[in-house]
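If you look up Swiss-Prot, you'll see 336-358 marked as region 'Disordered'. Swiss-Prot lists 1-27 with the feature signal peptide. Annotation comment: Swiss-Prot describes 40-60, 85-105, 125-145 as transmembrane segment. What Swiss-Prot lists as zinc finger is 235-276, and the listing cites sequence analysis.
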């Protein structure tokens, strides 16, 4: 069983049952261990306690990691990130090295004092626990190295795009983006790739379709942030956090992205990167497939506007979106189309065109 924030595994039940049984046996035979040259009973109590604390810290880290999703505000994510740094520092710099050293010490004590154990069964139990300890420590090391190599591979792919990488940056990324978020992002990217394979209009648009889509993109409201919204604190395309003064473009589904990011995205895929809703649900690309682009700039503009008027059903912008962002943003451009949309009307480029202008 594995739940985000709990992460209770099957071996936790095995460990707890083994711990309870061993503690009872050691407590019953406590005085008999004094005949041994080395205090094996103290060793096993300390080892059990340390492993138990180690697992508790893992539970705490998993709980902190569950609060690092994009659905949470930047302040909460920063607090969870700092908490993970502290917890993981205790695990990796204190408890994990101590368990290695303590296990080696226990092995040496056991080889020199195994004949003094009260019962034969305890000798085998002690040996099994040592083997379990070594296997667990090695598994933790291999799992961590594997996760680090996986993240490093992702950063190497980014380096091909000119983004600088560092080993420290990979470590910070592993803490800031927990495993569940990393896997969810991978699934989302695979879903986007599948969508792109079946619907990737940017590669197949005719010039007339391209002009119409570009005109629709430019009609989307554009703002400059004067405050960062808690529920949408970063651009999902470039994964950079929003800051005051950033220029963003708002979609009808009330999701914000950097202007340059979303413009490039919509030229290839007219679905919202976050919720997968169609940004232009009334756009009929098939109706534009036979239109030809004119050779002059003036004729291209008239042709694009006419195409929009003919093949897009006029609908008012979603008022809920503007109400939501009104306190956070102010417009970069206050052209007539945007002002009309903010007032609940229809942009004139979509309504005032007559057939005579074609």
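Each residue, glycine too, has its Cβ placed from N, Cα and C.
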Mind checking how the zinc finger (235-276) divides into helix, strand and coil residues in DSSP?
10 helix, 9 strand, 23 coil
Near the transmembrane segment (85-105), which residues from the same chain, at least 6 beyond its ends, have a CB less than 8 A from one of its CBs?
43, 46-47, 50-51, 53-54, 57-58, 60-61, 64, 130, 133-134, 137, 140, 175
